Amino acid sequence: MGEVKTPRQWFLWSIALVYVCAFASIYVQIPGLYGDEGILPVRLQMPKVQRPLLEQESLLGLGPFLGLAPQQVLELTCLVGVALALCAVLLEPLRDSLIYFLLRLLYLSLYNVSIMDVLLLEAGLLAVLVAPLGLLRRRSSYRYHDPVSFWLTRWLFFRLTFSTGVSKLASGDPAWYDLSALSHHLENQMNPTPLAWYGHQLPDWLLRFGAVVVLQSEIIVPLVTFFAPIRRLRLFGFYVQLFLQLYYILTGNCSLLNLLSITLSFSLLDEEHFNSNTGPKKKKGQEKKPGSCGQMVSYLMLLVELAVYLFILYCFITLFKLQINWEEKTLSSKTNFTQKEFHAFLEVFQELTIWIGVLSFTWEVVSAMLNCVCTRGIVSKLWSLIQWALITAAAAAVFALSVVPYTSMAGMSASKVLPAVQDMYSAVERYQLVGAYGIQHRMISTKGRPEIILEGSYDGLTWTEMNPMYKPGNVNAVPPIVGPHQPRLEWLMWQAAQGGDDTSPWFTGLLQRLLQGKPEVVGLLQVDKAQYPFSQKPPVFIKAKLYNYHFTDPTKDKTHLQAWWRRQYKREFFPIVNLDDPTLEKLLEKAGLKEKFPAQTGSDTPVSQAVSLIRDHVKGLSGSLLLSTLLATLAGIFLIKAVFSWFLGGRKPRPASADHKTRKPKEPSETAEKSQAAAPSNRGGKKDSNEKKDSDKSPRKRK
C-alpha cells in the first residue's frame, strides 16, 4: 500500500468530529440520566470507601479536589472533551497523539459510569497510535512507520464489518435465512426515518435482493478486497461500504456506529486516490511507457481483479439462487446453504482471515523498515528505526489482543489463541483496548416492532399517553430525524421492549422520577412542554403497555392514509403504580435507588460556577438541536476558511524582478525530487547541501 498521509488526516479529523458528537450528545442527557434528580444518580453508584485517585476507573474522584458534585464532574468531563475535540477538528496541529490520548481518557471515564460506545474506545486508541506526537516538538511530519499504525484501522474495520455480517447468519436468525430481514429491519431499527417507510413499500423481491446485497457486502466483499494487494480492489471495497453506510444513515438516522464505520473505511484509501485528480499533469513527451515486464504485470493484475469480481458475482448467484423472471420482471432469491454449513465455513475462514491479517501486517512492517533503512544520514536512519520498532511493537500487541474477542464470535473457538495472549487480554480488559463486535446479535422480530408506551393518570380511570420525542408512539407522528444525537433513554426502552425486561433499575427509576415530575427526566421524553400532557402537574398513577408497531401499507390500510404506523396491543408491560406503592418501593430498594443520604452539593468555586453557567444556557435544548447547531457552526467556519483561501489564492502575484524573469521555471517533477532529497533534516543532509554549494562556487563550475 502506498503513502497514507491524506487518508490518515481524514481519519484523525473524522475521529475528532465523532468525539464532538459523542461528548455533546451525552452532556445534554446527564441531568436526566445520571444527575442528582435523574433516573440513575451517579452519586449512588460511587463506592462508599474512596480509593486512591490512580486506582479509580473514572474521573469522579477529582470532584472533591475541584469542589464539584459528581454530576458536575461528568458535565465537566463532557465539556472538556467537546472543547478538545473541536480544537482538533478546526486546527490540524492539534490532531496530536497527546490530544487523542486525553480524549480517550475522558471517554473511558464516562464509559465506566454510563452507556457509551465501545467501538469509539478502540478507534480512539488507534487514533493515539496513528496521530503524530508534535506538541512536544517544533514540527511533526510524515513518518515512515505511519502505514504500520494506520493498518490497525483497516484491521478494526474488517473485524467490525465481517463480524457484523457473520453474526446475522451464525446466530441462526430465521429472518436472514429466508431473506425477509431487510423488510423487518426497516421498521425494527432504533430510529427509522421517513425514508424507511418508503423503503418498506418496495416490492418484496427487491427487499429480498437487498438482504442478499447486505450479506455479500459484509461477508464476501471484506474477505476479498480489504487486504488485497491490488489498489482498485480496495477502492471497490471502500465504495461498497460507503454506500452501505449511507443507506443505513438515510433509513435509520446517523448514529456513531455509521460515522465510525465511514471513518475507518478511509484505511482502504491511499495518497494516490486523493492526488490523482489534483496532481500536475505530465506532457505527452514526458509520459513514461511501461516496459514489456510492466505490461505483463499490469495485465496479470487486471485478470486477478476480474477474477475477484466474477467470484463475487458467482457467490451472488450460487449461494442465494438468484433467478430472473423476465415475464414478471422480478428477481427471485433464496439461501442455498444451511446454518450447519455456514458454521463449517466459519471454522475454515476464521483462522484464514487471521493469517491473512498477519501476512498483510508483516508486509507493512517490512516495507516501513526498508523505508527507514533507506533514510539518508546515520542519525536520521537510527531515529527512524527506533520509532519503527516502538510503533511495530505497540501495533503487534494491539493486533494480538484483538484476536481474542475476534475469535469469540458465534461459531468460533478461542482455543487456538495462545494462552499468553489470553492472559494479556484478561489483564488489560478493563481498559477496553479492543472490543468484540457482532457477538450479541438480536433476532429480528417478524411480528412487528415492540414498543413500550407509558400512560399517566390523575384518577386511575382516564389515561393519557406520554409519547417520547425520538421513538414511535403516536401513530400519526412523522418518524423523527435524530441525526448524530444518541438518545439513551429511547435506546434503553427499545432494548427493554425487544427483551421484555421490566425489572431493570433504570426503568424503576424512570417511573419514580415521572411520578415526582422531575423536569430533568421529563426533558428526556419531551423538551416541548406543550407535547407533554403532565407539564403542569405530575401524574398520580403510571403504567406501561407493550404494543407491536408496523409501518402502514397504503394499498391495504385505506382507512389510515395519514398514519405512518399501525399498532396492536400485546400485553401489559408494567402494572399501575404510584409513589406510595409497596411494589415500587421494593424495586427501588432492590436497585439501590433509595435516598439514604442527601445529595452532595459542590463548593462555590470558579469551576463549579462555570459548569453551572453553561448548564443554564443549554437547559431546554434538545440533543438533536444542540448537535445540529454545533455541526452547522463547524460547517460555517470551514466555509469561511475556504472563501478566504480562495480569495487570497486568487489574488494576482506581484510582478517579478528582471532577475527572476530570466530564470527558467523548474518542472514540478524536479521540485518534488529536490524537496524529497532535502526532507531529512540531519547533519548528513546539511553536509551534502554544503558540499553542493561549494562545488557550485568552484572556478570550473562557474566556467
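Every residue gets a Cβ built from N, Cα and C, even glycine.
TrEMBL annotations:
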- 657-673: compositional bias 'Basic and acidic residues' (COMPBIAS)
- 685-703: compositional bias 'Basic and acidic residues' (COMPBIAS)
- 116-275: domain 'Lipase maturation factor 1/2 N-terminal' (DOMAIN)
- 433-575: domain 'Lipase maturation factor 1/2 C-terminal' (DOMAIN)
- 653-703: region 'Disordered' (REGION)
- 12-30: transmembrane segment (TRANSMEM)
- 73-91: transmembrane segment (TRANSMEM)
- 98-113: transmembrane segment (TRANSMEM)
- 119-136: transmembrane segment (TRANSMEM)
- 205-230: transmembrane segment (TRANSMEM)
- 242-269: transmembrane segment (TRANSMEM)
- 299-322: transmembrane segment (TRANSMEM)
- 383-406: transmembrane segment (TRANSMEM)
- 625-648: transmembrane segment (TRANSMEM)
The domain 'Lipase maturation factor 1/2 C-terminal' (433-575), counted residue by residue under DSSP: helix, strand, coil: 34 helix, 34 strand, 75 coil
Same-chain residues near the transmembrane segment (119-136), Cβ under 8 Å, at least 6 residues beyond its ends: 8, 11-12, 15, 18-19, 22, 93-101, 103-104, 107-108, 111, 143, 146, 149-150, 152-153, 156, 160, 256-257, 260, 263-264, 391, 394-395, 398, 432-435, 437
Chain residues outside the transmembrane segment (205-230) and at least six past its termini with a C-beta under 8 angstroms from it: 154, 157-158, 161-162, 164-166, 168-169, 176, 179-183, 199, 236-237, 240-241, 244, 268, 301, 304-305, 308, 311-312, 315-316, 320, 322, 330-333, 349, 353, 356-357, 359-360
Positions on the same chain near the transmembrane segment (383-406), where near means CB under 8 A and six or more residues out: 125-126, 129, 143-145, 148-149, 151-152, 155-156, 159, 163, 354, 357, 361, 365, 368-369, 371-373, 375, 412, 414, 417, 421-422, 424-425, 428, 433-437, 439
Segment confidence, the domain 'Lipase maturation factor 1/2 C-terminal' (433-575), expressed as mean pLDDT: 89
Stretch-level contact, the transmembrane segment (242-269) and the transmembrane segment (12-30), CB cutoff 8 A, at least 3 pairs: yes
Closest-packing stretch to the transmembrane segment (625-648), where packing means Cβ pairs under 8 Å, from 12-30, 73-91, 299-322: 12-30
